[in-house]
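J.: Annotations for this protein, taken from TrEMBL, read as follows:
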TRANSMEM  6-26  transmembrane segment
TRANSMEM  47-73  transmembrane segment
TRANSMEM  93-112  transmembrane segment
TRANSMEM  119-140  transmembrane segment
TRANSMEM  146-167  transmembrane segment
TRANSMEM  223-246  transmembrane segment
TRANSMEM  270-289  transmembrane segment
TRANSMEM  331-352  transmembrane segment
TRANSMEM  358-379  transmembrane segment
TRANSMEM  391-416  transmembrane segment
TRANSMEM  436-462  transmembrane segment
Amino acid sequence: MAVIDFIVNILSTPAILVGLLALLGLALQKKPIEDIVMGTIKTIVGFLVLTAGSSYLQSGSLLAFGEIFNYAFSMQGVVPNNEAVVSMALTDFGQASALIMCVGMLLNIVLARFSRMHYIFLTGHHTLYMACMLAVVLSIGGLEGWQLIVAGGCVLAFIMVLSPAYCQPTFKKVTGTDGVALGHFGGIGYAIAGQVGKLFKGGKSTEDINFPKRLIFLRDTTVSISITMIVFFVVVTGVAVARGILSADPTQFTYLNELLNVGTETQTNWVVWAFTSGCAFAGGVYIVLSGVRLIVGEIVPAFKGIAEKLVPGAIPAIDCPVAYPYAPNAVIIGFLVSFAAGVVGLFILSAIDANLAPVALILPGVVPHFFCGATAGVFGNAEGGVKGCVAGAFVHGLLITFLPAICMPVFTSLGFTSATFSDADFSWLGILFGNLAQALPGSPLLIICILFFVAPIVYNFVAPKHEVAAE
């Protein structure tokens, strides 16, 4: 197990995984040793910068905003969170998840080589989360041991190429190249946002918004995000203060210690806290964008070696912040609109729960609505400009509200109460295989999972090439 744990540790650490792939790609191109070292290190550093920015956002202003928003407007329910479900599931399915992840990544290379979806999925933590979800869901169908590993690995490899594939038609419009793909399991939500954006084809891009000369400074991404989030923090915090949050029991909050003056010697005024929190949010986004620019500049050229030598036409699929530098205005618009749609979706679920049938009330989680909603906004903008950005992000916000509610019973049946995945691919795949596991347990379920892996390869060799749409 020590060896397996070490391998899984490498595979679940995106910086090391992508650094090794960059090293392999540069070595296959027979680059000088100094170029290999430089490219590998810059790739690893780029991912670490990206991760640091994401962690900074999630451990600070993003989650603080979520807590104070829920208090201000008295919202009660389930906040979808990938990490929360995984942390519970790994207790019982840790070994199975690790083995499914290893098998899935190997089979991903096989599919990239022998199917028409030439994507190698590089977002290691999402690969682990999906492996964990599949271990949980497929166990409902009575699969265990080698059957669970094989079935889970086959489905994992399938979604690792399918998710980038249905995003790529729009994503290559975002980046202007077919040399990089999106590797994030919110893919179906982004693809739908792009299709919704097409309804407004020809509209002005979010990046072409004409500001008056006195407001030209708003074109600076850091400034515009800071001002927007300062306004949101001040308004929401003001409502929370009016409702008595400053005298509330601080133990019910995790991320509001500074606002509530827990463990501090000085008293923090709530306006000052709201102002600095808004700026901190913008700082986190700036760090993320810096990491993305660094890694994209290294991984795409390095991947040329792998594409030429091992997997012809291979395309690296990278985490969702890779999309942010291409449309910074769409990022903030997408986040805010997706979050607003999450609030609308909550009221719709409340009405259904009160009048039609019991249903989980899904609260708008700030983390998924930022990372996924922002990406959906970029996709909608690429197809339909400002209107496409708003419409696509809104539909996406509803999607990641309703899908987790539908998926919730699958996890509740296994004892994971008040927890569900947040991103769209986890939800639709969980719903599909959760129902298949209950309807066709045992060997039929195993065969279905294997067929999901084999089908793209068979299609590649059987179907006429001209019938395939450009990816």
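Note: Cβ is positioned from N, Cα and C throughout, glycine not excepted.
Annotations in TrEMBL come from automatic prediction, not curation.
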J.: With Cβ-Cβ distances below 8 Å as the criterion, list the same-chain residues six or more beyond the ends of the transmembrane segment (331-352) that contact it, or say none.
T.: 75, 77, 206, 224-225, 228, 232, 285, 324, 359-366, 369-370, 372-378, 380-381, 386, 389-390, 392-398, 400-402, 405
J.: With pairs 6 or more apart in sequence, are the transmembrane segment (436-462) and the transmembrane segment (146-167) linked by at least 3 Cβ pairs under 8 Å?
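T.: Judged by the Cβ rule, the two regions touch, with the required three close pairs present.
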J.: Using Cβ atoms and a strict cutoff of less than 8 Å, what residues sit near the transmembrane segment (6-26) while being 6 or more residues removed from its termini?
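T.: Result: 35-36, 39-41, 43-44, 47-48, 51, 98, 101-102, 105, 120, 122-125, 127-128, 295, 298-299, 302-306, 316, 318-319.
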J.: Find the member of 93-112, 119-140, 223-246, 270-289, 358-379 that has more C-beta pairs under 8 Å to the transmembrane segment (146-167) than any other listed stretch.
T.: 93-112
J.: Cβ under 8 Å to the transmembrane segment (358-379), counting only same-chain residues 6 or more beyond its ends: which ones?
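T.: Tertiary neighbours of the transmembrane segment (358-379) are 54, 57-58, 62-63, 65-66, 69-70, 75-81, 167, 170-171, 174, 182, 184, 186, 189-191, 193-194, 197, 206, 320-321, 323-324, 326-327, 330-339, 342-343, 345-346, 349-350, 352, 389-390, 392-393, 395-397, 400-402, 404-405, 408, 420, 422-424.
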J.: Using a Cβ-Cβ cut-off of under 8 Å, list the residues of the same chain that are 6+ residues beyond the ends of the transmembrane segment (47-73) and lie near it.
T.: 14-15, 18-19, 79, 229, 232-233, 236-237, 239-240, 243, 245, 248, 253-256, 259, 277-278, 280-281, 283-292, 294-295, 319, 321, 363-367, 370-371
J.: Using a Cβ cut-off under 8 Å, which residues of the same chain at least 6 positions beyond either end of the transmembrane segment (270-289) come close to it?
T.: 49-50, 52-54, 56-57, 60-62, 64-65, 221-223, 225-234, 237-238, 241, 246, 258-259, 321, 324-325, 328, 331
